[in-house]
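Asks: Sharing a structure below in structure tokens format, with a few things to ask.
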Amino acid sequence: DPDSQSSANGDTAGPRRDYLSWEDYFMAVACLSGQRSKDPVTQVGCCIVDQHRRIVAVGYNGMPTGCHDDLLPWGKSKDPTSMDSKHLYVCHAEMNAIVNKNSATVAGCTIYVALFPCNECAKLIIQSGIKEVVYLSDKHRTKPATKAAKRMLAKAGVSMCQFESKRTQITVDFDVDLMD
């Protein structure tokens, strides 16, 4: 297991032993993608991976292409008739990744996502042929939309598992002096 071994393996001729596992890598890409979101409250990212462990799409929650981020609301409104709620406008990370994929299909792929998909994204996941959902957070598990998402995914045969890692964080360091 690469995560349990020390980086100071003493053998400079051998491979480094503290490298990221594939699962940690893909979830880290999902979380890093979420950092592109301009949502002041919730930054969600996702990463879609094919059967050969190739990333075929990434996405994050944001306004639709061509809709300027400063001209639409980022807040929530309790008034159901209000047009000032981000939920009417924001494209979720899963939607952005599936629509903007860099391959012909995402059928058979795995999606790594920071937050368990809502019911609308679950529909897109099912319709696109994605076969596995790996999620970091399930903080909305008691909401009807999340319960509906889980029900649909299960009935469609899409496997779901919560991401687990021995790591608690991964640091991205831009200090070029550390590259030696």
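Using the three backbone atoms N, Cα and C, a Cβ is placed for every residue, glycine included.
Take a look at what TrEMBL says about it:
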- 21-153: domain 'CMP/dCMP-type deaminase' (DOMAIN)
- His92, Cys118, Cys121: Zn(2+) binding site (BINDING)
- Glu94: active site, proton donor (ACT_SITE)
Asks: From the DSSP assignment alone, can you count helix, strand and coil residues within the domain 'CMP/dCMP-type deaminase' (21-153)?
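Replies: Within the domain 'CMP/dCMP-type deaminase' (21-153) the tally stands at 43 helix, 25 strand, 65 coil.
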Asks: Within 10 Å of the Cβ of Cys121 (Zn(2+) binding site), how many other Cβ atoms can you find? Include all protein chains, please.
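Replies: By my count, 25.
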Asks: For the recorded positions His92, Glu94, Cys118, which one has its C-beta crowded by the most other C-beta atoms within 10 angstroms?
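Replies: Result for the most crowded candidate: Glu94.
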Asks: Calculate the distance in Å between the alpha carbons (Cα) of Glu94 (active site, proton donor) and Cys121 (Zn(2+) binding site), and round it to a whole number.
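Replies: Between the Cα atoms of Glu94 (active site, proton donor) and Cys121 (Zn(2+) binding site), the distance comes to 6 Å.
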Asks: Using the recorded Zn(2+) site (His92, Cys118, Cys121) as reference, state which further residues of the same chain have their Cβ within 8 Å of the centre of those residues' Cβ atoms, listed in sequence order.
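Replies: Output for this site, in sequence order: Ala93, Glu94, Met95, Pro117, Asn119, Glu120, Ala122, Leu124, Ala149.
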Asks: Would you report the average pLDDT that the model assigns to the domain 'CMP/dCMP-type deaminase' (21-153)?
Replies: 96
